[in-house]
Amino acid sequence: MIRPLRIVLLILVLCGLPLASSGAFAAEGEQPAEQAELSQQDITAALKDYQKDLDDIKQQVSKATTDNQLSKLQERTQQLAANAEQLLTDLQPMQDKLKGQLDVLGPPPAPGALAETAAVAQQRNSLNNSKKLLDDSVKRSQAIRSSTHELMQQIGDLRRVAFKTQLALNSGSVLSLSFWAPAIAPQPQDSQRLTEFAGELRTVWNASWQEPWRYGTAGLLLLAGVIWSLGRYFSEQMLAWFSIRYLPDGRLRRSFSALGTSLITLCTTALALNLLYQTFSRVAELSPMLQDFADGFTRLGIFCALIAGLGRAFLSNRRPSWRLAAIDDTIAAGLGNFSPLLAALVLAFGTVELINNVIGASLSTTIFGNGLLAALMALVLLAIPLRAHRLRQHSERQGEQLEKRSMIGGLAQIATLLVSLAVLLALLIGYISFARFLIYQVIWTTLVLMAFYFLIQFSTDLWSAIFSPHTASGRSLMRSLGLSERHLEQLTIVFTAAFKCGLLLLMIVALLNGTFGTTTPNSLLEKIVAILSGEGLKKLHIVPGNLINALICLLIGGYILRASSRWLNNELLPKTINDVGIRASLVTLFTNVGYVLLILITLAALGIQWNNLAWIVSALSVGIGFGLQEIVKNFISGLILLTERPVKVGDMIGIGGVEGDVRRINVRATEIQLSDRSTMIVPNSQLISQNVRNATMGNAQGGGDHRPDVPDRNRPRAGAQPAADRLPGI
């Protein structure tokens with residue numbers, strides 16, 4: 001047994017010797033390779049190649065248009081960052097070695113000390129030069145590494161933006177494993193950035209509860225909660241009390257309450273969010289990441305408050321009799337929880353998306369968050385029409401009398417149902433960006449339309465109440481301005497139409513140019529101003545400020561002109577000129593000239609340069625030549641009649657076989673009253689171009705009634721008859 005065992009051991013030893021020898025030789029051969037240092041030329045060449053590659057990637061990123069191109073460029077950038085990191089790793093031992101050699105040589109001897117040899121001084125200078133070159137290479141490597149990290153962040157931002165804008169991008173179905181990968185196995189970069197963000201939040205939170213700030217933090221947080229909850233409740237109670245006590249009976253109370261409820265919810269939430277921001281920002285200046293998050297969260301919270309406020313005001317479950325829309329109480333109560341649920345979902349997932357944008361999360365994480373938001377929102381939107389339909393059917397089975405369904409309400413339910421189904425289908429086939437776009441567009445469109453509906457109702461009811469003859473304001477206007485009920489109705493129509501046009505313009509701009517979460521009332525007003533000050537108005541030098549000045553000039557000038565005309569007709573001319581016809585002609589001429597001057601002053605206030613109105617003059621010339629020649633001819637003839645006065649008011653004239661009295665000379669035609677009390681309208685040009693018989697031009701004729709006092713023959717008989725009756729002989 002021992003002999004065979006020895007033979008086996010001998011064979012194993014003989015077989016293992018070559019392997020061991022080859023391994024030893026390989027180890028010896030690898031040892032110099034591991035210790036081999038890069039030359040300065042190799043380092044410079046590598047840095048030059050890295051910088052060239054980085055510049056090339058930047059140029060291609062600026063020209064990339066698709067997500068595939070950006071994805072490939074991001075992979076190249078990651079590889080370049082890894083190469084730069086490896087170069088820094090290789091340079092670190094070389095730096096340590098040079099530092100150690102310089103430490104061995106020590107610093108140069110001080111003046112007066114024992115001099116060192118020339119070889120030592122030369123070696124120190126050589127090592128210092130090498131260290132300087134190596135330090136420069138390390139700095140360049142670190143700069144390239146930082147640039148690559150920034151470039152990867154920028155590419156990630158571009159991919160997220162492209163994901164939101166490229167609606168036809170198919171990023172995979174929500175049922176695929178790639179969609180759920182960020183939740184199952186998150187990327188290390190996302191985890192690291194999220195940890196950094198959470199660390200900054202924790203730092204600010206802990207600093208706010210330190211000894212100098214502790215009580216202030218608790219007080220501000222408590223105040224924010226009280227304003228958001230109790231403040232909103234008591235404000236709505238005060239709103240109802242004010243509406244009942246001070247507003248007239250009618251629809252104004254309902255529209256004012258609905259609009260006020262929405263504004264109270266919006267204002268209390270905005271105030272609470274600002275207090276929350278001040279609670280933590282007062283301790284120390286927030287980092288750029290936290291500042292962006294705070295600004296975005298404030299805007300998001302205000303939009304969510306608007307969703308909840310408009311929903312509560314529209315349904316008005318607390319005061320069903322003040323509800324604007326014709327919705328049954330049962331259906332309104334059943335749909336009451338959907339608006340706060342939608343607001344909560346938008347706030348939660350909007351915050352997740354905001355965090356992804358702030359920390360620069362990967363595209364897969366962004367897609368995951370957007371997909372979940374779109375799916376949950378689509379399910380909630382799908383439940384709204386289904387819930388309303390089921391409640392209506394249940395009420396009908398119970399025999400309840402329901403409100404007749406309006407066409408707009410039916411269309412809104414069908415549109416909500418179709419959009420929610422389209423979003424779910426887009427998520428299933430992989431178009432997550434399109435689904436997200438649809439969800440946000442539905443939210444934004446609903447907010448704009450509901451706000452427009454409330455404002456339209458409020459403006460209509462407000463002007464109807466102000467100019468109503470049954471309210472105090474209407475009666476005051478009638479007494480102070482001498483207006484009639486007919487004038488108040490006209491003012492109601494004019495002001496209502498003007499406000500409706502303005503609100504319609506605002507709604508169109510909001511629908512076409514606004515987006516959920518970013519658009520503010522200031523941005524909408526800026527957009528409207530930009531539209532009004534477009535290229536067409538710029539050429540005429542018209543700006544919004546000049547529009548207001550021109551309107552003021554037009555109103556004041558019209559009032560002054562009318563007052564001056566009344567003063568001439570009633571005060572000055574009756575005391576200076578006895579002829580009524582001359583007075584009427586002068587007043588008409590003054591009014592016409594005044595209107596022409598008023599138009600010129602208004603155009604000057606607009607800032608219009610007359611050389612830019614050449615096209616208007618040309619168009620008027622063509623129009624006069626073809627269609628306006630009769631009007632212009634009559635206008636000029638009217639001016640001639642007022643100046644030469646061949647015919648004046650009160651003259652008896654005959655023209656075309658018809659005779660009558662001139663009652664009025666207008667700009668275009670003259671009114672002649674015939675003997676049968678009818679009125680004939682004669683164009684002014686005929687009074688100039690045709691033969692006119694003026695019976696009273698040089699010899700004014702007139703007629704009068706004279707009634708002399710004549711004794712009544714019946715009165716003596718009536719007085720003598722009683723005496724005659726007493727005498728029997730008569």
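Cβ coordinates are placed from backbone N, Cα and C, and glycine is handled just like the others.
Caution: TrEMBL annotation is automatic and unverified by curators.
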Quiz item: Quick one: which of 33-90, 149-206 does TrEMBL have down as coiled coil?
Solution: 33-90
Quiz item: Against which stretches of its own chain does the transmembrane segment (367-386) lie, if we need a Cβ under 8 Å and a gap of at least six residues from its ends?
Solution: 163, 171-172, 174, 179-183, 335, 338, 341-342, 345-346, 349-350, 352-353, 356, 413-414, 416-417, 419-421, 423-424, 426-427, 432-433, 435-436, 438-439, 442-443
Practice problem: Write out how many residues of the domain 'Mechanosensitive ion channel MscS' (631-696) are helix, how many strand and how many coil, based on DSSP. | Solution: 20 helix, 25 strand, 21 coil
Self-check item: Residues of the parent chain within Cβ reach of the transmembrane segment (407-432), under 8 Å, 6 or more residues beyond its termini
Solution: 163, 167-176, 179, 325, 327, 367, 370-371, 374-375, 377-379, 381-382, 384-386, 388-389, 438-439, 442
